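Here is what TrEMBL records for this protein:
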type     : residues      : note
SIGNAL   : 1-25          : signal peptide
DOMAIN   : 44-145        : domain 'SRCR'
DISULFID : CYS70-CYS134  : disulfide bond
DISULFID : CYS83-CYS144  : disulfide bond
DISULFID : CYS114-CYS124 : disulfide bond
DOMAIN   : 171-336       : domain 'SRCR'
DISULFID : CYS302-CYS312 : disulfide bond
REGION   : 344-366       : region 'Disordered'
COMPBIAS : 344-353       : compositional bias 'Low complexity'
DOMAIN   : 360-460       : domain 'SRCR'
DISULFID : CYS385-CYS449 : disulfide bond
DISULFID : CYS398-CYS459 : disulfide bond
DISULFID : CYS429-CYS439 : disulfide bond
DOMAIN   : 470-578       : domain 'SRCR'
DISULFID : CYS545-CYS555 : disulfide bond
Amino acid sequence: MRPVSVWQWSLWGLLLCLLCSSCLGSPSPSTAPEKRAGSQGLRFRLAGFPRKPFEGRVEIQRAGEWGTICDDDFTLQAAHVLCRELGFTEATGWTHSAKYGPGTGRIWLDNLSCSGTERSVTECASRGWGNSDCTHDEDAGVICKDERLPGFSDSNVIEVEHHLQVEEVRIRPAVGRGRRPLPVTEGLVEVRLPDGWSQVCDKGWSAHNSHVVCGMLGFPSEKRVNVAFYRKLRKRAAKASARRSKPLGRPIIKLKAKPKPRVGRGPIKRVLLLQKVPKDQPPSRLLAQRQQHSFGLHGVACVGTEAHLSLCSLEFYRANDTTRCPGGGPAVVSCVPSPLYAASSGQKKQQSKPQGEARVRLKGGAHPGEGRVEVLKAGTWGTVCDRKWDLQAASVVCRELGFGSAREALSGARMGQGMGAIHLSEVRCSGQEPSLWKCPHRNITAEDCSHSQDAGVRCNLPYTGVETKIRLSGGRSRHEGRVEVQTGGPGSLRWGLICGDDWGTLEAMVACRQLGLGYANHGLQETWYWDSGNITEVVMSGVHCTGTELSLDQCAHHGTHVACKRTGSHFTAGVICSETASDLLLHSALVQETAYIEDRPLHMLYCAAEENCLASSARSANWPYGHRRLLRFSSQIHNLGRADFRPKAGRHSWVWHECHGCLQEV
């Protein structure tokens with residue numbers, strides 16, 4: 001082999017460096033997408049409200065003019081490309097129907113189709129720049145992962161002018177100490193601003209404002225607050241604060257006890273040291289005296305149909321405002337929970353008027369308060385077309401079902417495709433209707449819409465804290481394991497196991513729902529291969545659920561008395577949960593339409609006899625002579641879920657069935 005000199009190697013190395021531009025230190029496109037050939041001349045930004053810094057309506061500046069993107073054919077792959085244009089690593093979701101509010105100006109892109117690997121949105125297919133038949137009610141948005149690309153320079157990303165916005169709302173109890181039953185339904189309204197939690201001035205506060213706040217917190221309605229009671233609390237708290245600001249004078253009072261004669265001993269002098277306490281101090285149970293009011297919001301004026309407080313007219317206090325909410329106090333709301341959540345919080349269940357048959361339901365959702373919207377018409381359940389489906393219509397559905405306002409209005413059969421009729425289309429609600437059927441809508445024909453356009457909702461739910469009282473242990477992932485529950489009262493809380501006797505799918509469904517893990521694939525009565533760690537005590541037995549409960553506490557069980565047929569930590573309950581599941585439904589109408597009676601010779605029924613499809617009297621028949629009278633029909637089974645239906649056993653364990661001439665699962 002001919003030796004190669006070092007000089008020759010250096011020349012080759014220099015040539016390779018020049019070709020690859022690696023020696024010049026130019027940034028890699030994957031780590032520093034500051035300048036992309038396809039993106040030159042375009043600028044991007046996230047806009048709209050309410051939103052967080054990594055989500056919003058996508059706006060593009062082209063030829064000096066800002067515009068939006070239509071949500072037609074928009075997918076997660078397109079969101080990935082746009083999030084990278086904005087400097088984020090990837091997208092976690094996308095929104096439609098102007099969730100962050102309608103934009104203005106041009107609609108630059110329509111029918112955007114990306115594979116997800118493009119370096120620029122200009123490489124994606126579309127109808128062309130500025131060619132669109134959409135309105136700004138169809139503006140698309142993205143939800144990016146809160147992780148920036150390394151070395152990203154935002155020279156092509158313009159952040160909209162920063163405006164204060166309400167990120168979150170909560171209710172803080174004004175009275176009481178210690179653990180309070182959840183959900184909290186009455187208290188001071190507090191909003192989360194960039195600087196922390198602040199209170200809202202109650203000057204001009206209306207029932208419409210309370211309606212919006214309660215809806216955000218998962219409550220369908222509100223009730224009047226005892227304003228006089230809270231005013232009295234404020235006065236007492238203000239008086240106590242003024243008293244504490246004054247000097248107390250002599251802090252210590254010495255009291256000399258009178259001599260008390262005792263047999264055989266002299267008088268004993270006792271000195272008591274008492275601290276002087278103001279007479280007007282309110283009871284220690286009042287939280288108002290322990291926290292100074294911190295107002296950040298005032299002038300709230302809602303119409304009552306808004307799905308979020310940020311959509312209302314409101315004003316923020318400036319940092320240099322020294323006088324805040326003069327003559328007023330913190331806003332207070334009192335929300336009314338639905339019967340299911342009222343029972344979970346220990347409140348008295350109000351006697352409600354008897355209602356007729358429910359005409360709206362949710363199907364296909366993995367969590368409470370979400371699913372495909374189905375309505376009942378002429379005794380038949382059908383779906384709703386997603387045309388013009390928005391937050392107002394979704395909020396009407398959520399409140400009708402006992403939840404709060406809508407968190408998201410879903411389109412494109414995001415909760416699975418239904419079957420049968422599509423009853424409603426182009427539903428236009430104002431947000432004040434008591435039922436979806438009260439909203440203006442258009443009756444649909446067969447060619448107008450398909451089940452790929454079924455509408456769905458995600459509703460706001462009250463915070464009950466039930467997910468903190470259950471956990472899984474020993475599983476290979478967070479979706480499986482031995483079920484552990486927390487029992488006992490304050491000061492005596494402990495974790496324990498559940499007896500596996502009679503534990504089944506219905507109980508596992510409730511456990512997975514309480515854990516927030518969706519559906520139950522399996523409910524196990526024995527958990528030999530899951531290590532329980534140091535938790536070995538069984539604290540619950542006899543659990544029997546209907547499958548609709550929100551937590552295992554709502555299911556029937558033995559209470560504090562634990563009775564388990566098989567002892568040991570291996571005979572305890574376990575679950576395997578899944579975010580998606582199949583949902584099989586028999587097409588009953590087809591069965592009715594195709595059913596008929598047939599007299600069939602016995603020599604043609606060997607397969608039916610082998611699978612026990614004939615009556616027991618067929619065993620004593622004179623085979624192969626004679627005949628049997630059968631009920632024959634066709635059948636179709638639809639999968640309405642969001643997961644494929646798979647058999648329990650793999651194809652390798654299937655056997656050939658001679659009668660049917662096909663492979664069958666054993």
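Residue 1 is the first one shown; counting continues down the chain.
Here the Cβ of each residue, glycine as well, is placed from N, Cα and C on the backbone.
Heads up, TrEMBL stuff is auto-annotated, nobody curated it.
What you are looking at is a predicted structure, and each value in this text was computed from that prediction instead of being measured.
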Nearest of the disulfide-bonded residues (CYS70, CYS124, CYS144, CYS302, CYS449) to CYS429 (disulfide bond), judged by Cα-Cα distance: CYS302
Largest tally of Cβ atoms lying within 10 Å of a Cβ, found at which of the disulfide-bonded residues CYS134, CYS385: CYS385
Distance, CYS398 (disulfide bond) to CYS439 (disulfide bond) (CA atoms, angstrom): 14
Inter-residue Cα distance where the pair is CYS449 (disulfide bond) and CYS459 (disulfide bond), in Å: 24
Candidates CYS302, CYS312, CYS385, CYS449, CYS555 (disulfide-bonded residues) - the one closest to CYS144 (disulfide bond) by CA: CYS312
Cα distance (Å, whole number) from CYS398 (disulfide bond) to CYS312 (disulfide bond): 20
Using Cα positions only, nearest of the disulfide-bonded residues to CYS114 (disulfide bond) (CYS83, CYS134, CYS302): CYS83
Candidate disulfide-bonded residues CYS134, CYS302, CYS385, pick with smallest Cα gap to CYS124 (disulfide bond): CYS134
Rounded Cα separation (Å) that holds between CYS449 (disulfide bond) and CYS302 (disulfide bond): 35
DSSP helix/strand/coil residue counts for the domain 'SRCR' (360-460): 16 helix, 34 strand, 51 coil
Cα separation, CYS385 (disulfide bond) to CYS555 (disulfide bond) (Å, whole number): 36
Residue pair CYS545 (disulfide bond), CYS70 (disulfide bond) - Cα distance, angstrom, rounded: 46
Mean per-residue pLDDT computed across the domain 'SRCR' (44-145): 90
Largest tally of Cβ atoms lying within 10 Å of a Cβ, found at which of the disulfide-bonded residues CYS70, CYS83, CYS439: CYS83
Rounded Cα-Cα span from CYS302 (disulfide bond) to CYS398 (disulfide bond), Å: 19
CYS70 (disulfide bond) and CYS385 (disulfide bond), Cα-Cα, nearest whole angstrom: 19
Among CYS545, CYS555, the most crowded of the disulfide-bonded residues [Cβ within 10 Å]: CYS545
